[in-house]
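What follows is one structure encoded as structure tokens, with my remarks underneath.
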Amino acid sequence: MAEEKLASNNGQPQITTSIQDFDPPKKPKRNKYAIACSFLASLASILLGYDIGVMSGAIIYIKKDLHITDTQVEILVGILNIYSLFGSAAAGRTSDWIGRRYTMVVAAAIFFAGALLMGFATTYAFLMVGRFVAGVGVGYALMVAPVYTAEVSPASSRGFLTSFPEVFINGGILLGYVSNFAFSRLPTHLGWRFMLGIGAVPSVFLAVSVLAMPESPRWLVMQGRVGDARRVLNKTSDSLEEAQLRLADIKEAAGIPEHCNDDIVEVPKRPKGDNVWRELIFSPTPAVRHILLTGVGIHFFQQASGIDAVVLYSPTIFEKAGIKSDHDKLLATVAVGFVKTIFILVATFMLDKSGRRPLLLTSVAGMVLSLMLLATGLTIIDQSEHKVVWAIALSITMVLAYVALFSIGMGPITWVYSSEIFPLRLRATGCSLGVAVNRVTSGVVSMTFLSLEKAITIGGAFFLYAGLAAVALVFFFTLMPETQGKTLEDMEPLFGTFWNWRKTARELKEAKMTEKTEKNSNDKGQIQMGINPAISN
């Protein structure tokens, strides 16, 4: 704190400021309460991760036990993504109705039922029913966890905290791989049922954890519960001043007058669902159109670049690369899950330091290169009559490099970016739409990989994914503004000029600097002219 000394100079007070006043402001410590809330909410994402990971190995034994064809394998593996559309479509309206927190309980309960149905399945049809129920639960979880995390996070660490859902997806994938390896020694008819049924356990932890979480402050304001929202913001912000600013921004976005400070206030009528869709899809402003394009586009390219083909069919890829034993293939997939999880943890600490764009562009450029080298290695192995050791080593290395590069940028940033750019009035519906595109694309990739491999070879399939990743790189470079350090309510002005967003960002920065300079000048003038009450008395 600065020391203020008063001296008399012709009757005028003077303020002497110590040199500490000129020190740069200290960076606030990460808010532990906000971290705890985000951690608990992100447990919902384990549900999807576990299903992806466990199905990659369980399908080996399901195929043997139920005697199903490759087409049935593709459908069984990928259909959960399509079924999750029902959950993500309902989650937006549900979370606006009962709140973000209790929507997570709904997700956990549905997935719990689905996991048990899959574990006790006796036929392919019975298994598909379980996949449908679990898919609905996954859809709910995928939509609500990133939205809740973005809404409780302070701007200084929002990238770190909103990357948690992707961290837990990767953790779930690793758990699924470990489950496959652990149960692989059981009899065929029991092993895959244990692998799938044990997935009910994470959903129980999720449902219990909700009891320790507060509701989203933005949802509370939309319900007129300003007092409750204020208390949550005071706990999840870096300072009380930031909490007041966040509350003022949320109230403005909700249409509540600034002077309304009662604990319970009347909220102006919000647009009905059809008006939200009209504003988002049918007659959007240029800013909303730009937001929708980037928010949906990043979800499409995340999956179109082939990540689910690698994660779900990694045993098949390793078999093509020369690993024949089922046990050894599952052990190799554990290595994939481990690398994926380690690099997503690295990404969480870099998001708020490096920004979204640098990490995303570096990640996607690396993915293009690793996919091309993987495709080259697999093509050489496929075309050779003899064992080509260097090509096998290249293929395995590039699988690990690809999942590492995906996890350090494209994986977490998709969820961070799409959950922070939509305006409050459109956020739940916009995020639901993004998740829907994500799941449809994932379903298409996972349900066509084996057929694609037969049609154009496995190397050709990965050359195709490399081409799509290259298109993604151009899309991200030209259309996606940097959002690091912006509050959720400050996002909309960044968008609307599409590929000219850099000019808009510069103009907004200059306007902010001018406003800050004028404020400092006014504050300085007030200090020079101010009279200390003790002296005047």
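Each residue, glycine too, has its Cβ placed from N, Cα and C.
Per TrEMBL, these features apply:
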type     : residues : note
REGION   : 1-26     : region 'Disordered'
COMPBIAS : 7-20     : compositional bias 'Polar residues'
TRANSMEM : 33-61    : transmembrane segment
DOMAIN   : 37-484   : domain 'Major facilitator superfamily (MFS) profile'
TRANSMEM : 73-92    : transmembrane segment
TRANSMEM : 104-126  : transmembrane segment
TRANSMEM : 132-148  : transmembrane segment
TRANSMEM : 160-178  : transmembrane segment
TRANSMEM : 190-213  : transmembrane segment
TRANSMEM : 330-351  : transmembrane segment
TRANSMEM : 357-381  : transmembrane segment
TRANSMEM : 388-417  : transmembrane segment
TRANSMEM : 455-479  : transmembrane segment
REGION   : 513-537  : region 'Disordered'
COMPBIAS : 513-522  : compositional bias 'Basic and acidic residues'
The average per-residue pLDDT within the domain 'Major facilitator superfamily (MFS) profile' (37-484) comes out at 86
Under 8 angstroms, Cβ to Cβ: which one of 33-61, 190-213, 388-417 has the largest number of such pairs with the transmembrane segment (330-351)? 388-417
Near the transmembrane segment (73-92) in space but 6 or more residues beyond its ends, with Cβ under 8 Å, are 48, 51, 55-56, 59, 62-63, 103, 107, 110, 124, 127-128, 131-132, 134-144, 308, 312, 428-429, 431-432, 435-436, 439-440, 442-451
Does the transmembrane segment (455-479) make contact with the transmembrane segment (357-381) through 3 or more Cβ pairs under 8 Å, each pair 6 or more apart in sequence? yes
I need to check the long-range neighbours of the transmembrane segment (132-148): which residues 6 or more away from its ends have a CB within less than 8 Å of a CB in the stretch? 37, 41-42, 44-45, 47-48, 51, 79-92, 94-95, 100-101, 103-104, 106-115, 117-118, 162, 164-165, 168, 199, 203, 206, 216, 415-416, 418-419, 427-428, 431-432, 435, 438-439
Please figure out which one of 33-61, 104-126, 190-213, 357-381, 388-417 racks up the most CB pairs under 8 Å against the transmembrane segment (160-178). 33-61
Taking 3+ C-beta pairs under 8 angstroms (sequence gap of 6 or more) as contact, is the transmembrane segment (190-213) in contact with the transmembrane segment (357-381)? no
